[in-house]
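Trainee: Below is the structure I would like to discuss, written out as structure tokens.
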Amino acid sequence: MMSMKKEASSLSELGFDVNFGAGFFRQVPSSVCDNGEGTQRQRRPTKVSVIGAGDVGMAIAQTILTQGLADEIALVDADAGRVRGEMLDLQHAAAFLPRVRIVAGTDVLALTRGSDLAIVTLPGARPVGHRGVELLRKNVAVLREVVPAVAEGSPESLLLVVSNPVDVLAYAAWKLSGFPASRVIGSGTNLDSSRLRRLLADHLGVGAQDVHAYMVGEHGGSAVALWSSISVGGMPVLSYLQKTHASFDGEALEGIRRAVVGGACEVIGLKGYASWAIGYSVASLARSLLRDQRRVHPVSVLAKGFIPGDDHQVFLSLPARLGRGGVLGVAAELELTADEESTLRRSAETLWEHCQALGI
Ligand SMILES: NC(=O)c1ccc[n+]([C@@H]2O[C@H](COP(=O)([O-])OP(=O)(O)OC[C@H]3O[C@@H](n4cnc5c(N)ncnc54)[C@H](O)[C@@H]3O)[C@@H](O)[C@H]2O)c1
């Protein structure tokens with residue numbers, strides 16, 4: 001393999017003393033902030049760590065960076081060369097971006113220490129066929145390498161899991177971190193819901209931000225659309241569509257649902273991976289959490305007992321209120337048809353079996 005020449009990424013690496021830079025401006029006493037010793041009180045910087053700097057991790061990092069949601073971004077990846085390359089590539093755009101400190105490397109504990117939000121974008125594989133549990137255990141083995149280290153260095157952090165299968169891995173991250181469930185979130189169906197909102201928005205000729213629509217349940221093929229609660233401008237959408245389209249029946253709704261849950265596969269089939277939409281989706285979660293927006297997002301949360309008669313402790317997506325403390329509340333009542341309720345119960349049972357098989 002060709003060895004790569006490592007260039008300096010800062011003037012201190014070129015041998016210039018960092019302290020000399022501090023004298024470039026004369027200090028100005030401040031009536032508000034000066035504590036009498038010449039130093040000024042400062043807002044604590046917001047730190048976001050992205051663990052797994054692949055296609056998804058980098059799309060998330062760059063969206064958070066451009067939206068000015070963090071003062072420091074730590075990129076962690078097992079591939080030291082690649083993650084340094086990603087760091088330099090973003091650092092070189094400094095003149096066009098908000099001021100953000102970007103660090104990168106392989107040491108999870110050292111790099112993520114003091115995070116406000118740690119985002120897990122490690123590779124994962126969905127359980128398929130008889131190798132299902134074996135694949136899940138492999139995914140969890142990767143989490144074991146990073147989650148305890150994040151919890152040690154950032155005991156107050158929020159933990160946001162994006163890796164698939166996201167519901168099982170959010171559960172595993174909750175167990176491995178020892179964090180309260182309110183501080184562990186899976187990205188869940190936040191992106192699926194955006195796909196549904198876009199389809200309806202295009203059809204109704206409105207902006208997708210004005211379509212209130214939620215996909216809930218397990219992220220993937222069995223996610224459920226909450227049809228009866230979809231609205232635009234306070235108007236119910238389902239009854240309008242049924243009135244105006246002769247063929248707007250259950251089959252048509254299932255066709256839309258399938259288009260939504262199959263959306264990611266099509267993107268991956270065409271370009272090899274999915275990145276931009278999940279980047280924006282996770283940045284929207286980061287904004288709600290770090291800026292205490294208390295917005296309602298369908299995300300994977302601890303959903304014990306939300307289906308009547310169902311006491312399984314699993315993570316699956318429900319509309320949840322997100323703020324600086326993490327999950328501040330979960331929708332208490334959903335309007336579900338009997339079919340939707342039984343789909344959710346089946347998902348909860350499968351997820352519970354998978355979580356139990358992990359032995360954590
Ligand atoms: N929840 C969603 O809606 C959604 C959407 C898209 C992708 N995803 C998931 O996001 C994850 C990442 O996808 P991707 O396309 O970026 O994958 P990728 O393979 O491009 O990136 C994964 C990165 O993780 C690094 N890595 C592997 N093991 C590591 C370890 N032990 N420590 C540190 N780094 C390690 C790899 O070097 C790689 O750079 C996958 O699990 C994927 O399924 C989820």
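Note that Cβ sites are derived from N, Cα and C of the backbone, with glycine treated the same way.
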Trainee: Looking at NAD(+) binding as recorded in TrEMBL, which candidate out of Asp77, Asp79 goes with Gly52, Ala53, Gly54, Asp55, Val56, Gly57, Asn139, Val162, Ser163, Asn164?
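Mentor: When TrEMBL describes the NAD(+) site, the candidate it includes is Asp77.
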Trainee: Just the number: how many Å between the Cα atoms of Val162 (NAD(+) binding site) and His219 (active site, proton acceptor)?
Mentor: 11
Trainee: I'd like to know which of the binding-site residues Gly52, Gly54 has the most other Cβ atoms within 10 Å of its Cβ.
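Mentor: Of Gly52, Gly54, the one with the most crowded Cβ is Gly52.
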Trainee: Can you count the other CB atoms that lie within 10 A of the CB of Val56 (NAD(+) binding site)?
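Mentor: Step by step: centre on the Cβ of Val56 (NAD(+) binding site), count other Cβ atoms within 10 Å, giving 25.
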Trainee: Whole-number Å distance between the CA of Gly52 (NAD(+) binding site) and the CA of His219 (active site, proton acceptor)?
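Mentor: Here the two Cα atoms are 20 Å apart.
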Trainee: Which residues in the same chain, at least 6 apart in sequence, have a Cβ under 8 Å from the Cβ of Asn164 (NAD(+) binding site)?
Mentor: Gly124, Ala125, Arg126, His219, Gly220
Trainee: Helix, strand or coil: which one is Val162 (NAD(+) binding site) in, per DSSP?
Mentor: coil
